[in-house]
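Asker: This is the feature table in TrEMBL:
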- 30-53: transmembrane segment (TRANSMEM)
- 69-211: domain 'EXPERA' (DOMAIN)
- 74-93: transmembrane segment (TRANSMEM)
- 124-149: transmembrane segment (TRANSMEM)
- 156-176: transmembrane segment (TRANSMEM)
- 188-210: transmembrane segment (TRANSMEM)
Amino acid sequence: MASTVTESALPNHPYYPRDTLLPHYVPNSYSAIEVVTGFGLPVVLAAVATFVLSGSKRPDSRLRRLSTADRFACAWLIATASIHMFLEGYFVVTNRTIAGDMTFLAQTWKEYAKSDSRYMRSDLFTVCMEGVTAFIEGPVCVLAALAIFKGSPHRHLLQLSVSIGQVYGLVLYYLTEVFAEKSNSDPYWLYYWVYFVAVNFIWAAVPTWIATRAWCAMSAAVAASDERELALRTKKGQ
């Protein structure tokens, strides 16, 4: 009798806190390696393809070919857009049933949720944050990449805006878990330090670099415009 009670008291899932109720949870049929490979490979291929294609001749023949830094920015923006719109968008739409779903994207989330169980229980902040990320930041990333390739005057503003949004969202995402005393993450090093900390930190490092470049370019453009205006006024005053 005691063993029966003990077994029934055990959670039917691997997530923390251990008393989280997920009666509809179904274990993954794919291994962690299969999930990471199946998800990561298409994203890497999208980034590589974008980097290669962005080095081709641009629509306006007067424009020089993109620099390596701009091509990397395009590759990042398309890769992160695909994650935002497809993976995170899938979570927003299916968050109430995702713990029991067996699609590949659902299994990807069930693997990642070992580092953050909020994705399995429709946490309000997480759903709202991911909604903004998927349906606003994702499309803006695509627009920013296209703007870079076409030489649009809006390219720096788009890059700066979406990068600030990504960093801001990540800061809130980290802090809410810190103030929750890491209660939503499996303490095993792979899940907390790799899945939760290291993987997400990419969205601090790269957007900060892109935002800094955009800020410098916009500042230089304003400074040059001010100098031209001052020179014109000086010339008129002579």
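Each residue's number is its place along the chain shown, starting with 1.
Any Cβ shown, glycine's included, is placed from N, Cα and C.
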Asker: If we skip the immediate neighbours and take only residues 6+ beyond the ends of the transmembrane segment (156-176), which ones have a Cβ under 8 Å from one of its Cβ atoms?
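Answerer: Hits for the transmembrane segment (156-176): 73, 77, 80, 125, 129, 132-133, 136-137, 140-141, 143-144, 147-148, 200-201, 203-204, 207-208, 210-211, 213-215, 217-218, 221.
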Asker: State the non-local partners of the transmembrane segment (74-93) in its own chain: residues 6+ outside its ends, Cβ under 8 Å from one of its Cβ atoms.
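Answerer: Distal contacts: 39, 42-44, 46-48, 50-51, 54, 66, 103, 105-106, 108-109, 119, 127, 130-131, 133-135, 137-139, 141-142, 144-145, 148-149, 159, 162, 166, 203, 206, 210.
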